[in-house]
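J.: As annotated in Swiss-Prot:
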type	residues	note
MOD_RES	ASN71	N4-methylasparagine
BINDING	CYS81	(2R,3E)-phycocyanobilin binding site
Amino acid sequence: MSFVSKTIIEADHELRYLNGAELEILRAYLNSSEKRIKVIKTLRDREKEIISKASRKLFQIHPDYIGPGGNASGSRQRALCLRDYGWYLRLITYSIIAGDKNPVERIGLLGVRDMYNSLGVPLIGMVDSIQCLKDAALAELKSEEEVKLAEPYFDFVIQNMAQ
């Protein structure tokens, strides 16, 4: 659910108009729409470079993952790892435009711990991988304002995987 929808539903649940504070928050959100779109376009257009930088960093931190018997030792396993990077980056862009963590939570995090555990993927590696993805993605953004729009959603994914 988008930030706008959530705000409206909360007010309607209380059978009231949006108050002044809510309207100001909505104004700020709507005024940030161009920046949000710019951030999403940057992340989308630079996806390959972001994933490449993030994976290099992850495999520096955990060289055993690409060593014999590691979770990303073969080309197929490595391709799946890179696919997951792209998947999380895309889901984070959904949350950026919505102004809400719900898209990444609902689509990307429900049941993720169980799934990775069942596949034998170390959760610490997933936490580190999203941290590397965050670092690579935020490095592509041009301003602190853009970073502030994207960073909370990366942090949300990291925190949820770390629990």
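In case you wondered, yes, glycine gets a Cβ from its N, Cα and C as well.
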J.: At the level of the C-alpha atoms, what whole-angstrom distance separates CYS81 ((2R,3E)-phycocyanobilin binding site) and ASN71 (N4-methylasparagine)?
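T.: Between the alpha carbons of CYS81 ((2R,3E)-phycocyanobilin binding site) and ASN71 (N4-methylasparagine) there are 9 Å.
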J.: For ASN71 (N4-methylasparagine), write down the residues of its own chain that are at least 6 apart in sequence and whose Cβ falls under 8 Å from its Cβ; none is a fine answer.
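T.: Long-range Cβ contacts: TYR65, GLN77, CYS81, GLY120, VAL121, PRO122, GLY125.
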J.: Let's check the environment of CYS81 ((2R,3E)-phycocyanobilin binding site): how many other CB atoms sit within 10 Å of its CB?
T.: 21
